[in-house]
Amino acid sequence: MWSRVHAGKKCCQENSVIQLRWARQLLPVLAVTSKRCVPVRMAGEGETVDIDGSIMEGGGQILRICAALGCLLGKRLHVHQIRAGRSTPGLRPQHLSGLQTVRDLCGGKLEKAEIGSTEIEFAPGKIKGGTLTADPKTAGSVCLLLQVSLPCVLFAESPTELILKGGTNAEMAPQIDYTTMVFKPIVEHFSFKLDCDIKRRGYYPRGGGEILVKVSPVKHLNPINLVDRGSVTKIYGRAFVAGVLPYKMAKDMASAAVRCIRSELRDLHVNIQAVQEPKDTAVANGSGIIIVAETSTGCLFAGSALGKKGVTTDRVGMEAAEILLRNLRHGGCVDEYLQDQLIIFMALADGISQIKTGPLTLHTQTAIHFAEQLTKAKFTVKKCEEANTDCNIIECQGIGFKNMNI
């Protein structure tokens with residue numbers, strides 16, 4: 001059995017959460033969680049870090065960020081209470097597939113991990129690189145598989161090819177179009193190249209999608225500075241249908257989105273293309289839309305939505321447009337879906353990173369908590385002083401993590 005470092009005494013509920021050092025400046029935000037907060041304590045050599053998977057966001061994000069950091073930092077992990085507050089607690093196929101991918105990337109050891117497990121133990125090895133396939137056999141998001149594996153392969157011995165299968169456009173996860181159009185160009189500011197090729201699109205409930213990701217290792221990550229919003233210069237996107245769904249649905253989604261955006265941003269040209277996905281590159285039926293706003297300083301924001309039974313195509317298009325407009329109003333430089341995805345890279349970077357965000361999401365608060373505790377990177381969050389904005393500056397003194405393999 002591994003020796004174990006427990007996370008320490010349990011704090012009291014809401015008031016204890018704000019004892020986190022970085023949280024003192026955002027007390028109203030952090031009060032959204034009433035889960036018990038168990039601080040993570042660094043383990044000594046040969047010891048295991050205990051992680052309560054039920055606190056804060058309490059879902060798969062905790063597994064993804066902790067597994068990636070455990071793999072990179074050589075820390076053994078014991079995660080318990082996994083997704084304890086969810087309607088179906090424990091590991092689902094995509095969570096298990098993500099953990100297995102990290103295990104295989106580093107030749108590590110993964111125990112107690114099966115569908116429905118509420119605890120796992122993970123002992124990392126050395127990250128090799130090479131070609132690896134992850135397939136949850138469901139419509140689980142390929143983008144969430146990328147989230148857990150990307151930080152690891154950046155510090156591998158050799159270039160990596162990841163074949164990730166599942167849903168490319170899934171609920172409760174970034175659409176693959178968000179990953180390629182927003183996440184990829186921004187995260188590459190950390191000084192690495194992310195090659196993502198969509199081989200086949202897959203939708204709920206069948207899945208069947210596939211992407212090919214190619215990443216070459218880096219020595220270290222550069223810090224980023226995203227605090228200058230600039231002005232919105234263009235808005236573009238794609239509305240798609242696949243399978244037997246009629247092309248008119250895509251046109252209706254696009255038209256509704258354009259009308260909604262122009263009601264608030266009258267002087268900007270909005271270019272949303274309606275697309276019928278080719279039958280040989282899309283599995284089964286699906287529909288959706290993504291809209292991206294680009295600023296004069298290179299900031300990117302997006303709103304997206306998927307077609308659902310009983311929801312009109314006009315409503316789907318308007319939903320995506322309203323999400324985009326909401327994220328443009330707060331005055332930040334990243335949208336609510338990107339902010340948490342940047343935290344792990346900020347923690348690992350060599351230097352001080354700053355990003356200007358809107359209100360912090362619970363996912364972002366959770367990412368900061370676990371990244372800070374596991375890496376000892378220093379995060380601060382400060383409210384912006386600008387008038388008519390609802391934004392914050394997240395600053396991180398990264399640990400300057402080095403790839404000792406190259």
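Glycine is no exception: its Cβ is also placed from the backbone N, Cα and C atoms.
Curation does not apply to TrEMBL; its annotations are automatic.
The annotation domain 'RNA 3'-terminal phosphate cyclase' is assigned in TrEMBL to 56-381.
Residues or ranges marked as ATP binding site in TrEMBL: Gln147, Tyr337, Leu338, Gln339, Asp340, Gln341. In sequence order, Pro174, Tyr178, Val182, Ala302 make up the list of same-chain residues 6 or more apart from Tyr337 (ATP binding site) whose Cβ falls under 8 Å from its Cβ. DSSP assigns Tyr337 (ATP binding site) to coil in the three-state reduction, outside any helix or strand.
Annotation source TrEMBL lists domain 'RNA 3'-terminal phosphate cyclase insert' at 227-328.
The feature active site, tele-AMP-histidine intermediate is assigned by TrEMBL to His363. Residue environment of His363 (active site, tele-AMP-histidine intermediate) contains 20 other Cβ atoms, counted within 10 Å of its Cβ in all protein chains. Annotation note: His363 (active site, tele-AMP-histidine intermediate) sits in a helical segment as assigned by DSSP.
Take the mean position of the Cβ atoms of Gln147, Tyr337, Leu338, Gln339, Asp340, Gln341, the recorded ATP site; other residues of that chain with a Cβ within 8 Å of it are Pro174, Phe183, Val334, Leu342, Ile343, His363, Thr364, Ala367.
Across the domain 'RNA 3'-terminal phosphate cyclase insert' (227-328), DSSP helix (H, G, I), strand (E, B) and coil residues number 35 helix, 37 strand, 30 coil.
Of all the binding-site residues in the record (Gln147, Asp340, Gln341), the one with the smallest CA separation from His363 (active site, tele-AMP-histidine intermediate) is Asp340.
All protein chains included, Leu338 (ATP binding site) registers 25 other Cβ atoms within 10 Å of its own Cβ.
Cβ neighbours of Asp340 (ATP binding site) (same chain, under 8 Å, six or more residues apart in sequence): Gln61, Thr361, His363, Thr364, Thr366, Ala367.
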